[in-house]
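Chemist: From Swiss-Prot, here are the annotated features:
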SIGNAL    1-18  signal peptide
ACT_SITE  E128  active site, proton donor
CARBOHYD  N183  N-linked glycosylation site
ACT_SITE  E239  active site, nucleophile
CARBOHYD  N362  N-linked glycosylation site
CARBOHYD  N368  N-linked glycosylation site
COMPBIAS  377-395  compositional bias 'Low complexity'
REGION    377-420  region 'Disordered'
COMPBIAS  405-420  compositional bias 'Low complexity'
LIPID     N427  GPI-anchor amidated asparagine
Amino acid sequence: MQFTHLVALALALATSEAAHQGFNYGNTKSDGSAKSQADFQAEFSTAKNLVGTSGFTSARLYTMIQGGTANTPISAIPAAITEQTSLLLGLWASGGNFANEIAALKAAIAQYGDDLAKLVVGISVGSEDLYRNSVDGVKANAGIGTNPDEIVSYINEVRSTIAGTKLSGAPIGHVDTWTAWVNGSNSAVIDACDWLGFDGYPYFQNTMANSISDAKALFDESVAKTQAVAKGKEVWITETGWPVSGKTENLAVANLANAKTYWDEVGCPLFGKTNTWWYILQDADPVTPNPSFGIVGSTLSTTPLFDLSCSASSSSSAAASSTAGPSASSVIGGKASGFTTAAANSAKPTFTVGKGPGGSYNGTGFWNSTSSARPSSSAISGSSSGSAAGSSGSSGSSGSGASGASGQSSSSTGSSSAPSTSNILSNAASGLSGSICGAVVAVCLALAAL
């Protein structure tokens with residue numbers, strides 16, 4: 001009987017090891033109309049049941065605010081609770097509306113409590129604000145940005161807001177392009193973060209050789225550059241993708257075949273190993289943008305536009321070729337969640353109430369804008385840069401770089417002596433060393449002690 005319980009524990013720990021995989025979700029449709037709870041719920045349900053996949057069960061959000069309101073909590077939250085979709089919450093940090101984002105965050109915590117907390121993977125303060133504030137962002141007409149000091153101030157404000165609440169200790173990060181992360185003037189933001197969100201789009205790196213055959217190398221290089229400045233903090237892949245239709249960017253051709261290749265070569269090695277939010281499930285309802293990144297067309301369907309199945313070889317090869325693999329443990333529930341460097345993780349967050357990435361919103365206007373949010377045609381060299389929190393598409397694009405994240409892996413690797421069975425059981429919720437190996441070792445040690 002005891003053996004059965006230990007095996008069940010090992011399986012539970014192994015299951016919890018898989019990283020979060022999901023999509024970005026805007027709070028408006030491509031025509032600027034606000035999404036309802038039913039809209040979000042339909043998207044989350046579709047993502048969980050996509051043909052050829054194990055299910056995309058996480059959502060990254062760009063804002064806490066429901067489209068068309070001042071500071072009402074976004075209806076993606078009750079939709080996620082119904083569908084049990086994990087959330088990477090987001091607060092829009094450009095344009096001077098942050099007080100309303102904080103108000104919506106407070107209201108959401110008060111209204112949804114534990115139901116929300118158990119789904120939260122982390123909180124993102126801003127999205128590509130530093131890129132939009134950069135010379136490249138201004139040149140690309142990417143929209144209003146924010147300076148690093150202000151982002152740090154906002155991060156501290158969010159920490160104060162969640163202190164003592166159900167979300168207390170939630171890992172807080174910032175999402176930006178790799179070019180923003182490697183810019184030394186933004187280092188204070190890295191210091192303030194628990195994890196770094198990486199947005200990268202080789203399709204937009206139009207000053208480089210960026211054909212689909214170059215895409216994986218460009219992506220890997222930009223992630224590596226981000227890792228190099230991340231100070232040992234985890235890098236979460238918060239946006240990437242390849243368009244299924246649209247204009248050509250230098251050597252990058254937008255079509256289904258190339259979108260499939262990018263999915264296979266870049267996406268498959270990430271899924272289940274590194275927290276990843278793909279761009280995007282659907283961006284063509286009711287208007288198809290140019291370019292369009294949606295893996296389903298104008299009609300929401302569990303049947304994608306191209307084959308999403310990942311072969312064992314595509315999943316393992318790129319994982320092996322990464323500069324640094326995903327950390328063995330995560331800030332949440334002991335899950336592998338991001339890329340880390342070899343640097344020691346000295347301040348690992350201990351947030352344990354939620355699991356999974358979340359839905360996001362992109363836009364070139366703010367949350368009640370009618371603008372479509374698509375990557376800008378004047379992109380300079382790489383990752384997309386949404387300039388406001390509106391539609392389901394991503395906006396202006398920036399460079400090809402690296403970003404770091406600070407949802408660091410645990411520095412603990414387990415005791416040198418065999419733990420007792422009771423200790424193993426009591427520590428199971430924290431993942432024991434945060435890895436599948438830890439779960440297996442735990443069971444072996446427990447069996448040996450019987």
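Every residue, even glycine, has its Cβ placed from backbone N, Cα and C.
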Chemist: Cα distance, N183 (N-linked glycosylation site) to E128 (active site, proton donor), nearest Å?
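Modeler: Cα-Cα, rounded: 13 Å.
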Chemist: Taking the Cβ of the residue listed as 'active site, nucleophile' as the centre, count every other Cβ atom within 10 Å, in any protein chain shown.
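Modeler: That number is 30.
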Chemist: Using a Cβ-Cβ cut-off under 8 angstroms and a sequence gap of six or more, which residues of the chain neighbour N183 (N-linked glycosylation site)?
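Modeler: Residues satisfying the criterion: L130, S134.
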Chemist: Let's check the environment of the residue listed as 'active site, proton donor': how many other CB atoms sit within 10 Å of its CB?
Modeler: 36
Chemist: How would DSSP class E239 (active site, nucleophile) in three states?
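Modeler: Assignment for E239 (active site, nucleophile) reads strand.
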Chemist: So, in DSSP terms, is N183 (N-linked glycosylation site) helix, strand, or coil?
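Modeler: Reduced to three states, the DSSP call for N183 (N-linked glycosylation site) is coil.
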Chemist: May I ask you to report the DSSP-based helix, strand or coil state of the residue listed as 'active site, proton donor'?
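Modeler: Coil, per DSSP.
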